[in-house]
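I have placed the structure first, in the form of structure tokens, so that the comments after it can refer back to it.
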Amino acid sequence: MTKRYFVTGTDTEVGKTVASCALLQAATQLGYQTVGYKPVASGSEMTTDGLRNSDALALQRNSSLPQPYSAINPYTFAEPTSPHIVSADEGRAIDAAVLSRGLRTLEAQADWVLTEGAGGWFTPLSATLTFADWVQTEQLPVILVVGVKLGCINHAMLTALAVEQAGLPLVGWIANDIQPPGARHGEYLATLRRVIPAPLLGEIPWLGVSPSQAATGQYLDLSPLERA
């Protein structure tokens with residue numbers, strides 16, 4: 001049976017992709033056939049191969065099961081803004097059925113599929129649909145990425161509560177050091193451990209400006225997911 005997870009974050013720019021790559025690496029090391037899925041991405045660049053998103057490319061690189069880019073990232077937008085805004089501007093609506101079909105295709109091939117969201121938990125995909133709505137429909141277990149910085153405790157508690165209210169299991173969380181640790185870093189982590197109702201899968205240290213290129217799977221322990 002395919003293991004499937006959804007990665008969300010406490011905010012945008014908290015390192016969801018860094019954590020997702022680490023998860024894919026760690027699952028591959030456990031012997032799984034892994035694939036990462038970034039169904040909606042904005043902030044993409046035109047290349048000789050067409051419009052490409054750096055986060056989706058990172059997931060593609062870190063998947064053990066080779067996939068064409070279109071399978072990893074069905075909706076790609078150039079402007080780095082909320083998906084519902086840019087999709088409306090371009091007249092290209094985001095269809096939840098397309099997201100689900102893409103997920104089914106990957107699930108039929110891999111036994112460990114990781115879907116990465118965009119922005120935070122309630123990121124709008126249209127005037128009537130949020131990413132949270134789609135995740136709830138798919139009944140995906142959730143992994144929360146916390147970018148460790150001032151304000152992250154409140155954001156983590158709010159997101160964990162929203163996941164719980166959606167009736168979805170929060171199966172783990174990852175502390176991602178998105179800046180050099182400050183004087184209160186240890187206290188932030190201790191508080192997060194206490195208030196997030198899920199096991200800590202690991203802490204990814206501050207790695208500088210290109211963390212998605214690093215071997216980050218070593219920082220995670222997926223045994224709580226194996227037991228779930």
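Keep in mind that glycine also has a Cβ here, set from the backbone N, Cα and C atoms.
Binding of Mg(2+) is attributed by Swiss-Prot to Thr17, Glu116, and the same site annotation extends, among Asp49, Asp55, Asp177, to Asp55.
Considering only the recorded positions Lys38, Ser42, Glu116, Thr17 (ATP binding site) has Glu116 as its nearest partner by CA-CA distance. Gly117 (ATP binding site) falls within a strand segment according to DSSP.
For the pair Glu116 (Mg(2+) binding site) and Lys38 (active site), the Cα-Cα distance reads 5 Å. Cβ neighbour count within 10 Å across all protein chains ranks Glu116 highest among the binding-site residues Glu13, Asp55, Glu116, Asp177. Counting Cβ atoms from all protein chains shown, Gly15 (ATP binding site) has 25 others lying within 10 Å of its own Cβ.
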